Amino acid sequence: MDKLELVEGKVDWKGRSAVKYKHGGMRTAVLILATFGFENMATLALAVNLVTYFNRVMHFELADAANQLTNYMGTSYILSILVAILADTFFARFKTLLTSGCFEFVGLALLTVQAHYPKLRPPLCNVFDPTAKCEKVGGGNAALLFIALYMLAAGAAGIKATLPSHGADQFDERDPREARQMSSFFNLLLLAVCLGGSVSLTLVVWLQDNRGWDWGFGLSTIAIFLGVVIFFAGLPLYRIQPIRGTSAIVEIIQVYVAAIRNRNLSLPEDPADLYEINKDKEAALEEEFLPHRSIFRFLDKAAIQPSTTGQVDEQQPPNPWKLCRVTQVENAKIILGMVPIFGCTIIMTLCLAQLQTFSIQQGLTMDTSITKSFKIPPASLPIIPIVFLIIIIPVYDRIFVPIVSKFTGIPSGITHLQRIGVGLILSCVSMAVAGIMEVKRKDVARDHNMLLARPVLQPLPISTFWLSFQYFIFGIADMFTYVGLLEFFYSEAPMGLKSISTCFLWSSMALGYFFSTILVKIVNGATKDVTRSGGWLAGNNINLNHLNLFYWLLSFMSLINFFAYVFVAKRYKYRPGNPILLSKQNKEIEE
């Protein structure tokens, strides 16, 4: 009989009800993890090395190159929201993911072609030579670059929007065993990122720097192709979320519109008088019901029944833009409650953007030798925290979580909010350490009269591994905050919103990248007349600017952000039925 147990709300690829032990579970999640690993193998090298490509090959100035990268990364993340809504409303997530994979494949193929043919890029020129007049990419070649880049961004957005939530759909939160497996899945998701990223940051980056950018882009193209093939192979085994036909985001907007339209109405003394469909009706069998909570009471006005009898005509459904169900209102409350948590995570990505841009440029000026005959590409520096994460993630998931959960009663060991907080304070420490390392690097350049030395050609007598400290600390912050956010948003989101819940993380990262672009311009503008270099981050010579002050500014901003996070996290109310809330209640009962 167990083999015939159906999974509520999920279907197989033919539209039939999914069967437990036949569809979903960890065996199908492995295929999804492998796909995400190959996708990161294809794209992570771009996140850390594209700024070098823009600067040295396409001849953008350093600050502009950094902004081009953060704009691309931000667009990739922000588009995930649109893709998730389209997937829920019109397309299945499975089809959306395959289409996104094709977009990413074409974008990488176009970048490969442009990097291979000299006529499609500017003439060779040394951007570090102050007497050289390097021609920046323009015209049709610039159009080809940005078409390829933003096709890649659109494809990556689709994969980010659908893959984590599709993976989580392979588990049933109501089954204790599968709930624990789902927590492991999110940890393993980061492990897949690290494994794919380790290849990307070593082999792909080495090919880009030593064999040519066309070789690096080519290998990335092959990697995303393999990822799509592996994902498609699991089609008969997946639990698939059916198309809802309506957008959960639209339903949230309806609550706000209805609350504004009913703003002059008085709330009933008894919340039971608010509008809700009859649970006993056959049409309501598949509906989700949430109890009323006395928070954000102004949204309750969206559920005030306007009739004098206090009842809605059951024969004629109400206008959803004027009257909403209590459950719909509670969903809107949950989303509104998550907004402050969401806002406090933006600055961490702002810090991450600097490790993908300016820290790479630091590494270009330093001694990258490991042995007399082998040098590590500066863009490969993040491999240090990634190797550590590959070791520590299984330890965290298999040893730390089971031990701590025995004391807390929480399946994930500590709460998602606690996990996020640990990562936020570590990101603050990482930026402070980055500033100290930059002071040390510039002191070496000054002491050896090498402030005008050309990066790569005239390396400073200081090992690039000094930068590993800032990468190492931020890598640990990654494990806590980003995985904690994925779990938090997915577990807190109402049933109808789980498919787009992971987009909250990507949106947070998108805003972080966009704010990085804005902050760099603001800082350069504000310091233009107070520094001899024309701004803290001005020009192509990193030895003459004040990157250490910029890092310390970010550290201070992160510290203020952490205190703000602690304030809002302590006041956050978990949604009814959340596994963490239930675990706390069960532990209190036992005590």
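Backbone N, Cα and C define each Cβ position, glycine as well.
The following features are taken from TrEMBL:
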| type | residues | note |
| --- | --- | --- |
| TRANSMEM | 30-54 | transmembrane segment |
| TRANSMEM | 74-91 | transmembrane segment |
| TRANSMEM | 98-117 | transmembrane segment |
| TRANSMEM | 137-163 | transmembrane segment |
| TRANSMEM | 184-207 | transmembrane segment |
| TRANSMEM | 219-238 | transmembrane segment |
| TRANSMEM | 334-356 | transmembrane segment |
| TRANSMEM | 376-396 | transmembrane segment |
| TRANSMEM | 417-437 | transmembrane segment |
| TRANSMEM | 469-490 | transmembrane segment |
| TRANSMEM | 502-523 | transmembrane segment |
| TRANSMEM | 549-568 | transmembrane segment |
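The transmembrane segment (98-117) is not in contact with the transmembrane segment (549-568), judged by fewer than 3 CB-CB distances under 8 Å for residue pairs 6 or more apart in sequence.
The list of residues near the transmembrane segment (334-356) in space but at least 6 beyond its ends in sequence, with Cβ under 8 angstroms from a Cβ of it, reads 47-48, 51, 66, 69-70, 73, 252, 295-296, 299, 382, 417, 420, 423-424, 427, 430-431, 434, 470-471, 474, 477-478, 481, 485, 488-489, 492-494, 497, 504-505, 507-509, 511-513, 515-516, 519, 550-551, 554, 557-558, 561, 564-565, 568-569, 572-573, 575.
Highest Cβ pair count under 8 Å relative to the transmembrane segment (184-207), across stretches 30-54, 219-238, 469-490, 502-523: 30-54. For the transmembrane segment (502-523), the list of distant contacts is 63, 66-67, 70-71, 73-78, 80-81, 84, 157, 160-161, 164-165, 338, 342, 345-354, 357, 482, 485-486, 489-490, 535-537, 550, 553: same-chain residues at least six beyond its ends, Cβ to Cβ under 8 Å. The list of residues near the transmembrane segment (469-490) in space but at least 6 beyond its ends in sequence, with Cβ under 8 angstroms from a Cβ of it, reads 164-165, 168, 183, 186-187, 189-190, 338, 341, 345, 348, 351-352, 355, 359, 381-382, 384-386, 388-389, 392-393, 396, 412, 416-417, 419-420, 422-424, 426-427, 429-431, 433-434, 437, 498, 501-502, 504-505, 508. Most Cβ pairs under 8 Å to the transmembrane segment (30-54), among the stretches 74-91, 376-396, 417-437, belong to 376-396.
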